[in-house]
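TrEMBL lists His200 with the feature active site, proton acceptor. Summarising the annotation, TrEMBL assigns NAD(+) binding site to Gly31, Ala32, Ser33, Gly34, Gly35, Ile36, Gly37, Asp57, Asn117, Ile140, Ala141, Asn142, Met251. According to TrEMBL, the feature substrate binding site maps to Arg104, Arg110, Asn142, Arg176. Annotation comment: TrEMBL describes 26-168 as domain 'Lactate/malate dehydrogenase N-terminal'. What TrEMBL lists as domain 'Lactate/malate dehydrogenase C-terminal' is 170-334.
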Amino acid sequence: MFSRIARPTLCIVNRSLTTSSQNNAKVAVLGASGGIGQPLSLLLKNSPLVGELSLFDIAHTPGVAADLSHIETRAHVTGYMGPDQLNAALKGCDVVVIPAGVPRKPGMTRDDLFNTNATIVATLADAVARNCPEAMICIIANPVNSTIPITSEVMKKYGVYNPNRVFGVTTLDIVRANAFVAELKGLDPARVNVPVIGGHAGKTIIPLISQATPKVEFPADQLSALTARIQDAGTEVVKAKAGAGSATLSMAYAGARFTFSVLDAMNGKEGVVECAYVRSEETECKYFSTPLLLGKHGIEKNLGLGKLSAFEENLVADAIGELKGSIKKGEDFVANMK
């Protein structure tokens, strides 16, 4: 069922990062001056789905906005800077994308980012709850396994939580899986789709190679190595950048792809499927990434895990404990906020 619905949407529409339809959506990027935020904002500026682009950060946003405003596309760009302008940046937004936070450096895990990024995400979620509570919220800020529970708990405090509108953007894991499988099999990566479930860190990233389209098979040792590479791909980039940052360009691409899918679905396009880390009842974890059918109001249907191989079942079992811990960490953070 999943592959039948997903293939035309993922392979034809989203890979090109363009659409034929128009919309006048107002999209906010919180953290727009950063390494992810700038290229993400550039990609959003190029989309006919975006009527207004609201850029926020703690520094440099007016310059980023001025630079982007010179591009000959229809989206109107406004820059907002500093805490005093955060509320204004969010007024009337339909979609809020949050790449804000500190990047990972060599030797750091996503959990090392927790204290700094948890505070940032909680502050931004608070502002979203007060200014545009019905917006679709797309969280890129790591650790996603914890920042989505943080966002959800903050929204609950204001009585505006809608689990169908809060997404942890795990699209980079799918993008990487598609690229790596295509490379190994000599396929066109634009025609490869590998669903990735679980979470967005280390062993919680679970690529479902058995459900890939087109169908591919690997010997056990190669499958294990491929899975490990997908799980550790973020560290691969951090090491290659040698202290200069983490994945920014590929994350911006993935964030734009997911945002365009959300906008397409809001605009009435049918059959839009993306994986994302969301409130879930598919496993014993409160939050879990699976393929989702998107609609005008967010998640229309959770398509679940599908049929797993024995190898993949073991990966899921191994991930559950870490995911539960990360979820509790996020929930506890909000519970203990002053």
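Glycine too: its Cβ is placed from the backbone N, Cα and C atoms.
Features per TrEMBL, on structure.
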residue : record                       : Cβ within 10 Å
Gly31   : NAD(+) binding site          : 26
Ser33   : NAD(+) binding site          : 22
Gly35   : NAD(+) binding site          : 19
Gly37   : NAD(+) binding site          : 27
Asn117  : NAD(+) binding site          : 22
Ala141  : NAD(+) binding site          : 27
Asn142  : substrate binding site       : 27
Arg176  : substrate binding site       : 24
His200  : active site, proton acceptor : 28
Met251  : NAD(+) binding site          : 24
Candidate nearest the residue listed as 'active site, proton acceptor' in space, where candidates are the binding-site residues Gly31, Asn142, Met251 and distance is Cα-Cα: Asn142
Tally of DSSP helical, extended and coil residues in the domain 'Lactate/malate dehydrogenase N-terminal' (26-168): 65 helix, 30 strand, 48 coil
Pairwise C-alpha maximum, in angstrom, for the residues (Gly31, Ala32, Ser33, Gly34, Gly35, Ile36, Gly37, Asp57, Asn117, Ile140, Ala141, Asn142, Met251) that bind NAD(+) according to the record: 18
Cα-to-Cα gap, Gly31 (NAD(+) binding site) vs Asn142 (substrate binding site), nearest whole Å: 13
Integer average pLDDT (0 to 100) for the domain 'Lactate/malate dehydrogenase N-terminal' (26-168): 95
